[in-house]
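Data block below; observations after.
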Amino acid sequence: MKLAVEVVQAQDLKPKDGHGTANPFVEVEFAGQRRRTATKFNNLNPQWNETLFFDVVDPLDLPKSTINVSVFHERLSVGSSASRHISFLGRVRLSGSSAAPSRLDAAPQLCPLEKRSLFSNVRGAIDLRLYVVIPDVGYQAADANIPLSTFAPSTPPVESIPSMATHSVPSTVGTIHDTNTLPPKKNKSQRSSSKVKEKERREFHSIGASPATAKSDTSYTTQFFSNHERRQHRPSQFFYRANHEKAEPATAVPATVQATPPPKSDYKIVETKPPLAALLGYLCTCGSDKIKNTFDLVEQMEFLYVRIVRACELPHMNITGSLDPYAVVKLGDITLNTNHRVQNRNPEWNEVFAFSKAQVQAPRVEIVVKDKNLIKDNVVGKTAVEVADLPKRVPPDGPVAPQWYRLRKGNGSADDESYQGRIMMAVWWGTQADEVYPVALHPDSHHLPPAAVHHTRSKVYFSPRMSYLRVNVVSAQDLQVSRPDPQIRVKIQLGTQQQWTQVSPVRSQSPTWKNEAVMLVAAEPFDERLVLTVVDMVSPTKPEPLAKLVVSKSAIRSLNDHHKPLPPQWFTLEKPDGGILNGGGDDHGKLQVALYYDKNYHVLDEPAHFSSDFQPSAKPLRKPDIGMIELGILDARNLAPQLTNNGGGKSANAYCVAKYGRKWVRSRTILGTTSPSWNEQYSWDVHDLCTVLTVAVFNNAYVDSKNNNNARDEYLGKIRIRLSTLEINRVYTYYYPLMVVHPTGLKKTAELHLAVRLTCKSWINTLLLYTKPTYPKMHYLQPIPIQQNNTLRYFTKLSVVAKLARAEPPLRIEVVHHMLDDGSTRFSLRKGKANFQRVLDLFSEAKAFVKWFDDVQNWRKPALTTFVHALFFVFSWMPSLIVPTTFIYLFLLGAWRYRQRSHLPAHVDMSLADTALPDELDEELDNMPMSTRPHEVIMGRYDRLRIVGGRLQGMVGDLANHAERLQALGSWRDPRATTIFAIFSIIMAGIFYLVPFQFLAAVFGLYVMRHPKFRSKTPSAPINFFKRLPGKADMLL
């Protein structure tokens, strides 16, 4: 097998010859083999269209191999003996996994040239195409009608060809030229003979293999060797020249090549232009309806709704007089049934059926009432409604009123006056904006049992209102202890949460504590009782209970204002084995404790880097909303579920879940298709732009699994959209690729089509928000330690899981865990490398400055060097101009980058998941590794090492996030923040130009050293502005 590297062209190369041009050629190295292309003289945008071939010893090693592509400039010096010198122009490193199975499947890859060292001066890009060629199998060119010949296997190595003459370099387009690299250096005796050998340059012609000779000696058979055998069978390096102009056509045989991951271009977002009312305009849309006023981010879908309310006066159908009726709705070949009612002649169903417009293939809708029997169901009566006569309902119109229809006999004619009862129903044309759409039964889910149908409907959920319960134990009195020097502790328990105070330093019957404040998470409604147990630590493993206190929710106060702290209270303790609530019975002492719900904090349920809410629990302290975020879930394509359902193969039953703040939305499950279309629109009130909207796609395993309780919905990918990176009133319509990290590598599971729009009420209030603290004030006055904060967030997540699991249908546990980014702090070597790479990328501008200064020092650009020297003399004589000129430079830099800003929304990158080793991914996805060694100590140490590694990984990520915020000042990721910074820069430039520098320095020093009385405990406006700048933590996969 051979690897083909097709060098197409290069763009915008760096000039190297002093005349603004270059003489580029490309050198490719793979598995110890080097090939090169022809030299293109005086061309910064050369086109080669040359293909270089390399031997692949073991196809299994190809995905792990690296292909080095380097671009050089050839400098020629003409004299008594022609010599050649090369200069570096850039390089590209490609993975062997990016090679396509054939040339037809190989997409061109435009790769930016990278630097070789810190001082490399590189620019431009190179266009490459990588694919695999089986030697005895022909391959086709870009034009499928022009077959190219096969290559004969490499027999004995051929003598390397000397370098090409400096005065004539062939550059024939469409052929494969000399692919040798720089030959080994020759001594003086060999240089004279090189010209003679140059004339004897050998040229090999590829001869096509006919079907008769296809099984000749030259055919190849792929062999697999061990590591020792690979060294024995490794072919010698050789250089060859191939000319396909004289080649004969070959017989094309399909090649079987190991599947390779999709190229990186498949992981990019794709902009779309769907026919949405928000893009076309309501007034300009031909035939637009009122639905497009509110549902303008989705495509309008028409449905035929049939609502069966009830029936009456149904006849007896058997001797016993019983009747088990149910209704059947027929539309062409589609038949849907209601639930049957047992022995009821006047049944009520109140069920709604929905048929899409594409499914309406019949002129009328038939409704048949049947009697359910064991052998055969009897027809009670039926009626029909013409589809052409149905009304059309468009919100905000009211619902269509149901009407009574007569049920005629099953074999009766339309003129027959006899009837078999009446049925109340309503039939109309509607859209997905109808209020009955979420509860309607669709034909694709009719085969499911009634319990599973609920799991396919769209729903809106809300997280519970949560507060921190603060328990401050002060002292105790008159405890009944069994020894003179007791070690008294208090165990505090709320549901599954359990915490302990420290042992009291006073060892007596009346112990006291200092600063023993314990925080727990309480979710509304506060139906769990708080239990405080006073124990004597007789031994470290066996505490002796002395008394307990059970506090109901009515006895716990709420703190809404931190300026008015609540004093502690005395409570009567009870028997440790039970007693009357809040006292009663024998006296077992008293306990002084401060109990209250501290609603001045925001209860975190998401990681801080991509949180969707920062509102405090107290309603009076919450910020007013500043706008609205609207999300249109349009469709998805190329769904690729990885798990099997019910042992019957992979099935695609996809639904979407979106979360922002307390509001969760779940779309309808589209069954049995890899290209589902939802067209559902949702909206959230926005209180802070520095928040993140999360959208995820799951594969519904409940509808296909026999054991529904153990079925787990498969996670197909997640998208995070930071609101501060969106432009106001702009509609973003893109296909977002969904990626999941599996132990075998990075998998692309689908492409999700979304429409997003951000609207704001007031531009001034939005900009002023950047100067305010992100969290409530209490987070800065009495900050919660990091370790305690992580513990509280864990219990908060459990409360959210328990609340949403009690809904109908429940939002499953695995869905909530993925949406709340469960395991985000788990150690991952891949994420550690990605964070380290983020830190290195931050120094790229410093490296560019060092290179720029090197150019100034070496006078490579005389005009620039002269200007820098003049500027240096001006700043030396007038240092007061340094600061205002710096602000002017920052303003001009922001204005210049405004034109170069990216109009694409930020999307998750691969975070080195495509290059991570399987062992690294297996370690990352392992929740708690269980070592095969018998020693438990080794397992504990390894688990502790992963915990420490996860913390260090988080620290590196925080460092990179802060540095990325500095870059965001002028990158226009957050257009409002960059606008504020640009305006601030120009204002500060004017101030420093007009006001003496000494005065400003004195004012700044006095402000920094001001008295604490004039300081605020909350962060200043510049710090708040900096913390609101967007980083790239939410883009990590």
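Note: Cβ is positioned from N, Cα and C throughout, glycine not excepted.
TrEMBL labels come from automatic prediction, so no person has curated them.
According to TrEMBL, the feature domain 'C2' maps to 1-115 (among others).
Taken from TrEMBL, the feature region 'Disordered' applies to 173-206.
Per TrEMBL, compositional bias 'Polar residues' is recorded for 173-182.
Here TrEMBL flags 195-205 as compositional bias 'Basic and acidic residues'.
The annotation domain 'C2' is assigned in TrEMBL to 285-405 (among others).
What TrEMBL lists as domain 'C2' is 447-571 (among others).
According to TrEMBL, the feature domain 'C2' maps to 610-736 (among others).
What TrEMBL records for 867-892 (among others) is transmembrane segment.
Annotation comment: TrEMBL describes 980-1009 (among others) as transmembrane segment.
When DSSP labels each residue, the domain 'C2' (447-571) comes out as 10 helix, 65 strand, 50 coil, counted as helix, strand and coil in that order. Tertiary proximity for the transmembrane segment (867-892) is limited to same-chain residues at least six positions away from its ends with a CB under 8 Å from its CB atoms, namely 856, 969-970, 981-982, 985-986, 988-993, 996-997.
Listed by sequence, the residues of this chain that lie at least six past the ends of the transmembrane segment (980-1009) yet keep a Cβ under 8 A from its Cβ atoms are 767, 770, 879-880, 883-885, 887-888, 890-891, 894-895, 969-970, 1025. If you average pLDDT over the domain 'C2' (285-405) in this model, you get 84. With helix defined as DSSP H, G or I and strand as E or B, the domain 'C2' (285-405) counts 10 helix, 52 strand, 59 coil.
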